[in-house]
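What follows is a set of notes on a single structure, which appears directly below.
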Amino acid sequence: MAPATEAAPARTYDDEAAYVTVDDAHRVRVARGFVPNMRVDGVVYVNAALRALVLEELAAYCDATAHRGGGYSPALKQIANVAALPGVVGASIALPDVHSGYGFAIGNVAAFDVGDETSIVSPGGVGFDINCGVRLLRTNLTEAEVGPVKEALAQSLFDHIPVGVGSRGIIPTTPAALEAVLEMGMDWSLREGYAWAEDKEHTEEYGRMLNADPSKVSARAKKRGLPQMGTLGAGNHYAEIQVVDEIYDEFAAKKMGIDRVGQVCIMIHSGSRGLGHQVATDSLTAMERAMERDGIEVNDRQLACARISSQEGQDYLAAMACAANYAWVNRSSMTFLCRQAFAKMFGKPPDELDMHVVYDVSHNIAKFEEHMVDGEMKTLLVHRKGSTRAFPPHHPLIPVDYQYTGQPVLIGGTMGTCSYILTGTEKGMRDTFGSTCHGAGRARSRNKSRHVLQYEDVLEKLKTKGIAIRVASPKLVMEEAPESYKDVTEVVNTCHDAGISKKCVKLRPIAVVKG
């Protein structure tokens, strides 16, 4: 691997902060020079309160007693390091839920010009849980109907959907079926009877990335994925029964089949499980070899990458597409199980309960898209890590049903807090490559959360709020407690006020199922 650029001498916080300037009430700019070799600026969407959080993290990093101990660099440094990657255009963009991660910060968007032969693809810009995403189903049920049975319904969901670390799926999957899943995505779900035709229409990429090549997925990745189809997993993944709490845009909400406060919806948050993690892990070794061969230098080893046009780059994109297809089938399988649970509870088939998919979005993926850069339409490889595609009205890649509203964007809150449906805007298309936030974003590490919170207290608070809770690993709930995250409403409002997405519906949970 080519040597990483030598780090600049340690600077004081004041030295570092001089490179971070306020553009407006919703945005700060990280100027070139903040880290070596920046080709574009960093642009971070934050309001005053969220700005204070990212600057506090930078201040802690600059304190000689608080850093140099390993771990991730602060989010501002990671955003700037991405701005130094070959072929990057526009800006390295961070959304309000940004926090440090592996390579790219979580909440980072970066686009690379396919027409530039030096442009790269980086697994760190997608993440280990490839196509981690969110799906929302609506129903014609009301809180008055579901509230009295929410405990039983939460238990039914918990019984139907395998959850937790190492959970095994109940959707029968043979090695041959897995090959088809990796290649076909939701077309497999449709063929096998686990999805409705409209589900596919209301899924990003229509639930299938066409460049998928199962031969590029390792045997180990397939072995990990085989038993996990239709499983929720652990961490911040969940299935929630939610009710409509507020409607901000009645026209858009009605297009989504949401027409009243108190209407019951179901949100599913999960990804590609062990298969996606293994695809990412496998790619890093190949990327390091490619960097050494092609003389690619990066500021951080975790930004291992390869030229898009290289064999390594193409192999990763083909394997990543397989993992993305797996994730869509995984969420489709859980949708099937969720529909079964509701049908059993209410004694009606799912179609009579109007259990249609509103939309399914990915927030860990890299895709080829057309965007305007400096007045010229270009094909870009857009990396979205912990950020969501948010295309505007009339965009050709969003469903007919949403041509007048813009793409629905699903923003999951933290355990026990509200979630949101947003819609994409033209301003977002211009300013953020058609991207917005994906959730609340961590404010406290998992490790710190485990040390300062008690799981009994977290569960008791949820019960006090009237939320039914089923958890496979109770001692891990501290990691996902609301206190461990930023305020999702602050995050969503920042994006709304900046004009990069528009608030449509607010949802609140009445039952939560977690791993």
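Cβ atoms are placed via backbone N, Cα and C, with glycine included.
In the three-state DSSP assignment, the secondary structure recorded for HIS438 (active site, GMP-histidine intermediate) is coil. Around HIS438 (active site, GMP-histidine intermediate), taking its Cβ as the centre, 28 other Cβ atoms fall within 10 Å, counting all chains. Look at Swiss-Prot and you will find HIS438 tagged as active site, GMP-histidine intermediate.
In three-state terms derived from DSSP, CYS132 (Mn(2+) 1 binding site) belongs to neither a helical nor a strand segment and is classed as coil. The annotation Mn(2+) 1 binding site is assigned in Swiss-Prot to ASP129, CYS132, HIS237 on the grounds of sequence analysis.
The Cβ neighbour count for CYS132 (Mn(2+) 1 binding site), using a 10 Å radius over every protein chain in view, is 27. Among the features that Swiss-Prot reports, Mn(2+) 2 binding site is placed at CYS132, HIS269, HIS363.
Here Swiss-Prot flags 236-240, 363-364, 412-415, SER419, 438-441, LYS514 as GMP binding site, drawing on sequence analysis. Residue environment of ALA239 (GMP binding site) contains 28 other Cβ atoms, counted within 10 Å of its Cβ in all protein chains.
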### Task
Give the residue from the binding-site residues HIS237, HIS269, HIS363 that has the most other Cβ atoms within 10 Å of its Cβ, counting over every protein chain displayed.
HIS363
### Message
Using a 10 Å radius around each Cβ and all protein chains in view, which of these binding-site residues has the most neighbours: ASN364, THR414?
### Response
ASN364
### Task
Have a look around ASN236 (GMP binding site) and count the other CB atoms within 10 A of its CB, chains all included.
22
### Task
Measuring CA to CA, name the entry from the recorded positions ASP129, CYS132, HIS269, HIS363, HIS438 that ends up nearest ASN236 (GMP binding site).
HIS269
### Query
Are there any residues in the same chain, six or more apart in sequence, whose C-beta is under 8 angstroms from the C-beta of GLY441 (GMP binding site), and if so which?
PRO96, ASP97, VAL98, HIS99, ILE106, GLY107, GLY386, TYR485, LYS486, VAL491
### For HIS363 (Mn(2+) 2 binding site), the one of CYS132, ALA239, THR414 that lies nearest, given that the binding-site residues are compared by Cα
CYS132
### Message
Other than CYS132, HIS269, HIS363 themselves, what residues in this chain have Cβ atoms within 8 Å of the centroid of the Mn(2+) 2 site's Cβ atoms?
### Response
ASP129, ASN131, GLY133, VAL134, HIS237, SER270, GLY271, SER362, ASN364, GLY412, HIS438, GLY439
### Message
With an 8 Å cut-off on Cβ distance to the ASP129, CYS132, HIS237 Cβ center, who else from the chain surrounds the Mn(2+) 1 site?
### Response
GLY133, GLY233, GLY235, ASN236, HIS269, SER270, GLY271, SER272, ALA327, ASN364
